[in-house]
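Sharing a structure, written as structure tokens. Questions coming.
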Amino acid sequence: MSILNQAINLYKNKNYRQALSLFEKVAEIYDVSWVEANIKLCQTALNLSEEVDKLNRKAVIDIDAATKIMCSNAKAISLNEVEKNEIISKYREITAKKSERAELKEVEPIPLDWPSDLTLPPLPESTNDYVWAGKRKELDDYPRKQLIIDGLSIVIPTYNRAKILAITLACLCNQKTIYDYEVIVADDGSKENIEEIVREFESLLNIKYVRQKDYGYQLCAVRNLGLRAAKYNYVAILDCDMAPNPLWVQSYMELLAVDDNVALIGPRKYIDTSKHTYLDFLSQKSLINEIPEIITNNQVAGKVEQNKSVDWRIEHFKNTDNLRLCNTPFRFFSGGNVAFAKKWLFRAGWFDEEFTHWGGEDNEFGYRLYREGCYFRSVEGAMAYHQEPPGKENETDRAAGKNITVQLLQQKVPYFYRKKEKIESATLKRVPLVSIYIPAYNCSKYIVRCVESALNQTITDLEVCICDDGSTDDTLRILQEHYANHPRVRFISQKNKGIGSASNTAVRLCRGFYIGQLDSDDFLEPDAVELCLDEFRKDLSLACVYTTNRNIDREGNLISNGYNWPIYSREKLTSAMICHHFRMFTARAWNLTEGFNESISNAVDYDMYLKLSEVGPFKHINKICYNRVLHGENTSIKKLDIQKENHFKVVNESLSRLGIKKYKYSPLTNLNECRKYTWEKIENDL
């Protein structure tokens, strides 16, 4: 296994490319599962540098001004002061134009013909309103799936601390629960004989032992090792020094059994168990609840009140109804005492093994859960007691570790933490704050102008994601020619499947938390993203922000300003498509829906924004931020008969999702170009 040792040493010395090559050889010779995590670490480390390498190989003159400056700031390309200032001046000139205000007219927010007895269900009180989410699942026409409640797999990562681990295991022997559970001790290469401790409990617990070699602080890797060994559909992570109270398993499982879309967070208290052995806890089942609280040695994670350390999160739990009213709940997701459905590992990904120092990895993992649509809830009954190490002993320097991981966290968690940067200091980020998605089909004449308008925004923390939907013209070739090596542009090509499929593919390619929609023949005003982003930052509960547009011809000449309904209301959107370009929504809101409908060719956007309107509030900006090119081939003005049919279809499907059965949205006339409607009341036969 000398080849493996060589690979590990190369990785430690940051020679990632050679390390990757050797890890891949190990996979060929032995088993890919041995080095799967190592290969991923190398690929992650190489990702940004490879993008920069590609940029260096491409003529810098072809890259947009903002990207040049960001690469220069990151020392990826060399620019002298004169060159840099010239490019900054060019960028400011390109982005100087401000969006025009749209003409306003007085309107009623709720249409006058809206039925007086038709009430739309309330929206959530926050983006994390798990009570609202539970009620949404109960709606008659909402898709249901039978939960398989098989048990809880408890993963306990450990490095040494055999005595403390034994006490934690003893407390797991004392659980009062109707649910099955297993314990998986995941050893991060301890020097102490952890396996011997596990054997002590083989007759008392359903327990497993897994181990990896000591490669330094590898908490994420050892958590993943334990999670891969889990046999149940529900998993909990419990640090080895976190002794659970007797109702810990029951408190978690009785909630997970009701809703597997909620990740649960247990609070902690700080105690000293150094005067006890695990036998004391086996013989006195309530002992863990009786030991007095103390002041912790960990000055990073705790705060002191009344001569004892308290969990800093508890006050926030109380103020937000156990996080139900919190718009950033992932910030309180501490991996030492949590539980969730295992399905989320396959949706959001596993713990990020690039975190090799103390802190931050649980927030990053929690952010990915949140972005994917998971809810969070604190559970008082899942209290665990943090056992302080004797003599202030600690295997990791937490404060120093946090100084390192906070930088990685800022790179990988754009939402909430990330602030706007000035162009003079802006750099490329591992995970951008904003993604602009573009479904593209036969748009070779317009695609470069389209993409450049997205890159030349006053917000630079942004990427562009494109799905070429099997174009038969030069669209794909042009994308490859202009953007194959661009660090802020990603594109993919697929067989022609229609606008719904191309939109879904492009959105799934997006890494940002905020996602903007741009059609491939249109282009943005330079401040479009910033205007929307400002509204999102003012109100974290927003699911979507949209502006208005102007219609232009192929040459860019003004035809007319676009239709603009100046005030958003759910009732108006349920009656007519008022949510026009430019539109931005959160990735979380989109993940709470079924995505774009791939079975229809028209009214695809109307359907999508009705879905988004069902999961969160919208905000309208009365500014013209979007240029819509009318060339006769636009899907919204072709095949008017199908467009009309789908228009009424998607509204009625929205009503069905909302559990509204007493009204049907019906066309008033048979004319294809007519969108006049009537609310048809459906009499109940019962």
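Glycine is treated like the rest: Cβ placed from N, Cα and C.
Given the structure is predicted, the values throughout are model-derived calculations rather than measurements.
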Can you find which of Asp469, Asp473, Asp553 Swiss-Prot lists as binding UDP-alpha-D-glucuronate at the same site as Tyr441, Gln517, Leu518, Asp519, Ser520, His581, Ala603, Val604?
Asp469
What subset of the binding-site residues Arg223, Asp362, His386 lies within 10 angstroms of Asp521 (Mn(2+) 2 binding site), using C-alpha positions?
none
Based on DSSP, name the secondary structure state of His386 (Mn(2+) 1 binding site): helix, strand or coil.
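Where His386 (Mn(2+) 1 binding site) sits, the three-state DSSP reduction gives strand.
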Given the binding-site residues Tyr441, Gln517, Asp519, His631, state which is nearest to Asp362 (UDP-N-acetyl-alpha-D-galactosamine binding site) when distance is taken between Cα atoms.
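Result: the closest of the binding-site residues to Asp362 (UDP-N-acetyl-alpha-D-galactosamine binding site) is Gln517.
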Can you tell which of Arg223, His386, His581, His631 has the least company, meaning the fewest other C-beta atoms within 10 angstroms of its C-beta, among these binding-site residues?
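With the binding-site residues Arg223, His386, His581, His631, fewest surrounding Cβ atoms within 10 Å: His631.
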Taking only C-alpha atoms and a 10 A limit, tell me which of Cys240, Gln517, His581 are near His386 (Mn(2+) 1 binding site). These are the binding-site residues.
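Cys240, listed in sequence order.
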Give me the non-local Cβ neighbours of Pro157 (UDP-N-acetyl-alpha-D-galactosamine binding site): same chain, 6+ apart in sequence, Cβ-Cβ under 8 Å, ordered along the sequence.
Ala186, Asp188, Leu219, Val222, Arg223, Gly226, Ile237, Asp239, Cys240
If you measure from the Cα of Asp241 (Mn(2+) 1 binding site), which of the binding-site residues Gln517, Asp519, Val604, His631 is the nearest?
Gln517
In whole Å, note down how far the CA of His631 (Mn(2+) 2 binding site) lies from the CA of Val604 (UDP-alpha-D-glucuronate binding site).
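His631 (Mn(2+) 2 binding site) has its Cα 19 Å from the Cα of Val604 (UDP-alpha-D-glucuronate binding site).
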